[in-house]
Amino acid sequence: MGGVSLQHPWAFAFGLLGNVISFMTYLAPLPTFYRIYRSKSTQGFQSVPYVVALFSAMLWIYYALLKSNECLLITINSAGCIIETIYIVIYLTYAPKQAKLLRAKILFPLNVGVFGLILLLTLLLSEGEKRVVMLGWVCVGFSVSVFIAPLSIICLVVRTRSVEFIPFSLSLSLTISAVVWFLYGLLIKDKYVALPNILGFAFGVIQMGLYAVYRNTTPTTAPKDVDDPMTNHGTTVKAPEHVVHIAKLGPVAGLELNTHYPVKPGMPPPMKENGKAHASVMTKGSVDKVDKATHIEQV
């Protein structure tokens, strides 16, 4: 199983290439977090993907430590732990108070409670090679559940006919990464590394195929971002991470929203003290446009 052994030069080559590709993928959200840092606001972005990525990296480090000569798995997942932790700290620094509490309810139970339980059970219920097998199947199961997540993205793309939810470069990077790690697992004869990446490759190809089909089509519905812990009972409805969608506002951007007179559809325009109509006249159509324009950052 020597991943860096000279007896497996091709395995070392693919493992090293997998480290480079995966490291670049870990760095993909940097523009998102730079925006969060500059604006001092989370801007509706989700933190759950980074919490899950941290948990996955922790699992694979534990798995690699139980085996011998799995340095390439340890290096990339150690880097992943550091990067994802930085992302989570930045998010929690600028997130609203209620959002911090909600994210903490996910972070600590998963990355402390569940990981601690897996660690305890594998140490108490198995030993030697059986422990590696038990943990290997846990890693496979979790990796498969992560790879199944793009199903929601695929359904969203088909429904909206919009490819903004699947950036082609990111899909291509994840697909290549899945191929490289599959070949690495195949060469070192580690089915726990190889099997999940078959599914990852399949979903990557599907996403790129959808991009090719819908890249020139007109979206049927406008995406909405909602990340308000005080609404929807704490749920979040949002486009997937790493997707930065900036729309230029039309005439609606010129409306004065902070009026002293609430305007409702059907009401006559508010009047100033001098008898002239107020500058910000909001008709029924403009109210709808303003509602749709919330959560779009003006850059």
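For all residues, glycine too, the Cβ spot is worked out from N, Cα and C.
Marked as transmembrane segment by TrEMBL: 12-36, 48-66, 72-94, 106-126, 132-158, 165-187, 193-214.
Beyond the ends of the transmembrane segment (165-187), by six or more residues, the same chain brings 3, 8, 10-11, 14-15, 17-18, 21-22, 24-25, 28, 72, 153, 156-157, 193-195, 197-198, 200-201, 204-205, 207-208, 210-211, 223, 239-240, 242-243 to within a C-beta distance below 8 angstroms of the stretch. Cβ atoms under 8 Å from those of the transmembrane segment (106-126) belong to residues 48, 51-52, 54-55, 58-59, 62, 88, 133-135, 138 of the same chain, restricted to positions at least 6 beyond its ends.
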